[in-house]
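Enquirer: Handing you this structure, nothing more for now.
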Amino acid sequence: MRQIIIAGNWKMNTTLSEACTLVQSMKCELERIEGIEKIICPPFISLYPIKTILENSSIKLGAQNLFYQEKGAYTGEISPLMLKELCQYVIIGHSERRAYFGETGQVVNQKIKAALQAGLLPIVCVGEKPEENENGQTRQVLETQLKEALDGLNLSCIIIAYEPIWAIGTGKAATASEANSAIGYIRRVLGDTLGNAAAQTSPILYGGSVNEKNITEILSQTNIDGALVGGASLKAESFVSICRQAAVIQNKH
């Protein structure tokens, strides 16, 4: 069985002091949870202080974005080399980046290559819009996004997060069977794109209104290897509960 990954995406939430308080409030409980990969993705400004708090911890850090150049006249951007000193993971291609900042499949591809070059592990997000879901275009959209994102890459493993846009922040998660079906298809596309071995080793996460009440059902599905958690990751009790339930499932196998 692939190792379960639980990643908390804080998005544009928490001040510096709030971020440090939140991490300190759940650090001890999270460190007691074994067998899964636990990742926190705070805003950029909180990465360094949280890194200090989590020194020698089993809890990993991730960024929410990066730019694809190492340095230069790119005002307001963060480079892979800067992040490499602070964290292990980086979220790339989140639907909010695509919607609000116009990120294309080509840009996502450049960012993945830049992250890998710097030794960062990308968490690549894909997912369909509400109207695409209603029109039966989910598979077509996922295939296009994946092929654009992975163009020119020869990888033995990549982390993918399936986040149907209609489920993000709405409180309306995809049903476990819907998520399982879509993620099964993503694995097929990975097989076609990167080869069967990569498809079998690559963790595929579900994201979209994940909480402590639905995580066990989600992770009990055969194709789902973890979760990218939004709002629930901003509540210490909820995030710890999600990680604890994930570890129970992991340790059964």
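The backbone N, Cα and C atoms fix where each Cβ goes, glycine too.
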Enquirer: Just to be sure I read the record right: N9, W10, K11, S209, G230, G231 are listed as binding substrate in Swiss-Prot. Which of G72, G76, G152, G169 is listed for the same site?
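Expert: Answer per Swiss-Prot: G169.
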Enquirer: Around the substrate site (N9, W10, K11, G169, S209, G230, G231), what further same-chain residues have their C-beta within 8 angstroms of the site's C-beta centre?
Expert: I168, V229, A232, S233, L234
Enquirer: Among the binding-site residues W10, G169, S209, G230, G231, which ones place their C-alpha within 10 angstroms of the C-alpha of H94 (active site, electrophile)?
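Expert: Checking Cα-Cα distances against H94 (active site, electrophile), none of the binding-site residues falls within 10 Å.
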Enquirer: Once the chains shown are all counted, how many other Cβ atoms turn up within 10 Å of the Cβ of E163 (active site, proton acceptor)?
Expert: 26
Enquirer: Are there any residues in the same chain, six or more apart in sequence, whose C-beta is under 8 angstroms from the C-beta of G169 (substrate binding site), and if so which?
Expert: S209, G230, G231
